[in-house]
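*Asks:* I have a structure here, written as structure tokens, and I will follow up with some questions on it.
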Amino acid sequence: MAGADGDDSLYPIAVLIDELRNEDVQLRLNSIKKLSTIALALGVERTRTELLPFLTDTIYDEDEVLLALAEQLGNFTMLVGGPEYVHCLLPPLESLATVEETVVRDKAVESLRKISQEHSPVDLEVHFEPLVKRLASGDWFTSRTSACGLFSVCYPRVSSTVKAEIRQHFRTLCSDDTPMVRRAAASKLGEFAKVLELDYVKSDIISLFTALASDEQDSVRLLAVEACVSIATLLPQEDLETLVMPTLRQAAEDKSWRVRYMVADKFSELQKAVGPEITKNDLVPAFQNLLKDCEAEVRSAAAKKVKEFCENLPEDSRETIIMTHILPCVKELVSDTSQHVKSALASVIMGLSTILGKDNTVEHLLPLFLAQLKDECPEVRLNIISNLDCVNEVIGIRQLSQSLLPAIVELAEDAKWRVRLAIIEYMPLLAGQLGVEFFDEKLNTLCMAWLIDHVYAIREAATCNLMKLVEKFGAEWAQNTIVPKVLGMANDPNYLHRMTTLFCINALSEACGQDITTKHMLPVVLKMSNDQVANVRFNVAKSLQKIGPVLDSNALQTEVKPVLEKLATDTDMDVKYFAQEAIRVLALA
């Protein structure tokens with residue numbers, strides 16, 4: 001490195017130029033990520049006069065390097081001398097906003113939006129707005145798509161003449177020949193509408209919205225649906241019926257399922273935007289049609305919205321609308337051919353009980369829950385069990401247990417072990433929702449029965465389940481309810497069940513704590529060290545290693561150590577190995 005001061009100051013930019021010209025993409029990427037450090041070293045003036053022109057000239061790199069550059073420049077305001085010089089950042093960002101790779105353009109637009117806020121109104125008109133115009137009338141569609149994201153950030157802060165120009169540019173892009181540009185314009189239509197004066201929303205935006213919503217490309221039409229939410233919130237109630245609803249009705253019946261899907265997906269937002277009267281007259285029949293749509297994706301999106309839609313219905317007619325119009329569709333969806341639809345419905349259907357109240361829930365909803373609890377798709381069952389608490393609040397635990405518990409018990413004893421496994425996995429969730437007394441009375445025996453199931457995966461899951469239950473209900477509950485039953489299995493004639501005792505002790509020791517483990521569990525483990533079956537003996541060694549850290553040091557030295565030393569001289573190789581391993585891990589010198 002040269003010693004003269006003048007050369008020293010050139011050093012950072014020289015290194016950057018070298019690294020940016022390096023063949024290794026990673027090196028180029030690293031140097032871009034260090035840009036702010038380099039700009040600091042150069043000072044604001046040289047960053048403006050040397051670094052930025054250099055960066056603007058070198059924009060022809062790998063996409064990931066360009067992406068990093070677009071992101072860096074959005075945070076460069078102070079490094080070029082603050083807001084009065086922020087316009088210096090526009091040339092490199094303008095170039096980045098025209099590249100072919102979408103993520104790079106999007107990041108450049110994001111940075112441009114960010115720095116537009118730092119321009120004074122005068123600079124906005126002198127520097128920023130001309131850039132937007134250049135992009136909007138660029139030859140390549142890439143620059144025109146980028147322009148769509150910039151109109152709304154400069155519109156509120158420019159003079160009325162410039163505003164008129166911006167509106168004209170936006171109109172032109174909404175009818176651009178290239179679908180990608182119309183798509184970009186449609187995606188920003190709602191955002192642009194929000195910054196416009198109401199008169200222009202009515203005169204300009206509505207006609208653009210209507211045109212985009214009947215575009216030949218479904219990818220444009222579905223984005224117009226998204227804009228519909230923003231537009232509807234801006235308009236007074238009396239204009240909605242004439243200006244928005246015809247287009248929305250058309251979208252809800254569009255020939256492309258993607259557009260109908262978008263309507264279903266945005267349904268709750270649309271409902272809030274148009275208000276109760278239009279919802280009653282227009283959206284209820286539209287929602288019924290979406291729930292009966294011929295495409296599973298559309299039914300699925302609509303099913304997800306059932307609870308929200310019903311919640312937001314006007315109170316005076318809510319129950320009537322649900323019972324006469326929505327519930328019949330819901331009943332059909334419970335036995336839909338698509339498991340995605342059934343699963344989507346199962347995730348929200350329980351929420352209807354709080355809206356419809358006790359009597360309706362018992363009469364109309366419980367049979368549906370029962371049907372879903374018996375569904376062959378595990379996700380449907382899980383979604384029902386996961387939301388039992390909201391039904392519990394409405395109809396109470398007794399009613400719930402009479403109706404749904406037999407179905408749960410039936411599944412818990414199902415001949416297919418995978419079904420039993422699924423129910424075990426829901427058990428802690430169920431226990432938490434039903435409470436400890438109810439659990440002890442109805443489900444405890446089930447949980448203990450699984451411990452001696454003939455399938456190993458079930459025994460393993462049942463052990464894990466016990467641990468989660470102890471975490472939920474506490475050590476005292478474990479001592480009174482679970483531990484005696486587990487320890488009782490130590491005398492079972494089947495050695496596999498005796499081994500399950502050890503696995504349970506391993507799982508429960510930490511949750512039960514030192515006292516219960518030392519007083520109640522340890523004696524049983526030590527006694528099992530004399531078992532006839534070598535598999536049981538080596539699992540005793542593994543158990544002692546596992547529960548060792550929970551025990552007090554006295555018990556470790558006086559009770560555990562002698563037993564492990566005895567097992568370390570066992571005739572069986574495995575028993576020997578695991579006993580020596582336990583001695584080593586517990587460091588019983």
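Heads up, the Cβ atoms here are built off N, Cα and C, so glycines get one too.
TrEMBL does not curate its annotations; it predicts them automatically.
Copied straight from TrEMBL:
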DOMAIN    89-270  domain 'Phosphatase 2A Regulatory Subunit A helical'
REPEAT    12-50  repeat 'HEAT'
REPEAT    89-127  repeat 'HEAT'
REPEAT    166-204  repeat 'HEAT'
REPEAT    205-243  repeat 'HEAT'
REPEAT    244-282  repeat 'HEAT'
REPEAT    283-320  repeat 'HEAT'
REPEAT    326-364  repeat 'HEAT'
REPEAT    365-403  repeat 'HEAT'
REPEAT    404-442  repeat 'HEAT'
REPEAT    482-520  repeat 'HEAT'
REPEAT    521-559  repeat 'HEAT'
REPEAT    560-589  repeat 'HEAT'
*Asks:* Could you put numbers on the helix, strand and coil content of the repeat 'HEAT' (244-282), residue by residue per DSSP?
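*Replies:* So the counts come to 32 helix, 0 strand, 7 coil.
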*Asks:* Same-chain Cβ contacts of the repeat 'HEAT' (365-403) under 8 Å, 6 or more residues past its ends?
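*Replies:* Residues packing against the repeat 'HEAT' (365-403) from afar: 330-331, 334-335, 339, 342-343, 345-347, 349-354, 356-358, 410-411, 422, 426, 429-430, 433-435, 438, 442.
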*Asks:* Over the span of the repeat 'HEAT' (482-520), how high is the average pLDDT in this prediction?
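*Replies:* 85, rounded to a whole number.
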*Asks:* I'd like the per-state residue tally for the repeat 'HEAT' (89-127) from DSSP, helix first, then strand, then coil.
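*Replies:* So the counts come to 30 helix, 0 strand, 9 coil.
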*Asks:* Could you put numbers on the helix, strand and coil content of the repeat 'HEAT' (365-403), residue by residue per DSSP?
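*Replies:* Secondary-structure breakdown of the repeat 'HEAT' (365-403): 33 helix, 0 strand, 6 coil.
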